[in-house]
Amino acid sequence: MLGIVLAGGEGKRLMPLTADRAKPAVTFGGTYRLVDFVLSNLVNGDILRICVLTQYKSHSLDRHITTTWRMSSLLGNYVTPVPAQQRLGPRWFLGSADAILQSLNLVHDEQPEYVAVFGADHVYRMDPRQMLAQHIESGAGVTVAGIRVPRAESPSFGVITPGSDGQTVTGFLEKPADPPGLADDPGCVFASMGNYVFTTKALVEALHRDAEDPDSVHDMGGSILPQLTDRGEAALYDFSANHVPGETTRDQGYWRDVGTLDAYYDAHMDLIAERPAFNLYNRDWPVYTHSTQLSPARFNAGGIASESIISAGCLIRGQVTRSVLSPGVVVDPGAVVQGSVLHDNVHIGRGAVVRGAVLDKNVQVPPGATIGVNPQRDGELYTVSKGGVIALGKGQRVP
């Protein structure tokens, strides 16, 4: 089985964190990149030949993959970034389906019987082998993973209409305003998780049909899945049936699309709750990432942290509560950090206050400065989400 990870997304809704990098390369949970979650799921599930399709500002992502995800070449295993190569003419990827069409040489080289096509910017644990087993049993051309979400959230997702058997896909709507609810749960719909398992022949044929359609948007969810649904070749995999070793009742079925600042922030708060909704510390189904060569975190006299994740290399001289700190963060004496996410090498000066904020790497907060204290001033100087999360980009100056 070949794994293809779609990692070329621009991530406009996650600005300014994506101003200098692709969305899958954004830091999450202190030490991880978003792409680490899907790659860990595939590798833990014994899918060991993986191509990561990249395009938008991919240097940070390419470097992370090549320095972190080094598999055993002696066994023919690999995780490799594959940039847009203009194999079908002088054009970049027109959409996720076109990205795979232009990269079909990867499929032809491996000649797998099945292809897993997964997104790169979600936070979750999943054993793809269970989805593959259902796909093989169903005989479908494609199986799409779905998760139940409230109907009110439908405009944010592709919505799957299941058949009476609960497995056949009878319809697909891209971000509908008011879709019908499920027969057994009218308040919910099945949202597509952006994860697909294809029989290779069905995938290749669907991509070529899509390429010949002048009205297509060349998207996996918006084009390929509806096409195969109309042909009666699509099946649904209910994510709630998936189980991984070491999971708890709290994090079983956890999946978050962190494509907006509010969702990104909320997912971090899930990590530091007293009973975390997502457990980063499951050793039976680990999330892998790059190991930094830094000394352990240090707390000086007066340095306090509670309900927080503090990464290696951090120096805490002030007060940190309900926050996630990446490696190398410094919090000086008298400084207060509350409900915030600080990326690598952020420095919070003496007496400064940071509340409800996401600070990208290398941001320097001067002594006595405040973020998250004066809403009017914050709105004039920084990016502020609909939910009130304040975000500063990489290296952004704080007056």
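Cβ from N, Cα, C; glycine included.
Copied over from Swiss-Prot, here are the features:
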- G158, E174, K175, S192: alpha-D-glucose 1-phosphate binding site (BINDING)
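Distribution of Swiss-Prot features across the structure.
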residue : record                                   : CB count, 10 Å
G158    : alpha-D-glucose 1-phosphate binding site : 23
E174    : alpha-D-glucose 1-phosphate binding site : 16
K175    : alpha-D-glucose 1-phosphate binding site : 14
S192    : alpha-D-glucose 1-phosphate binding site : 23
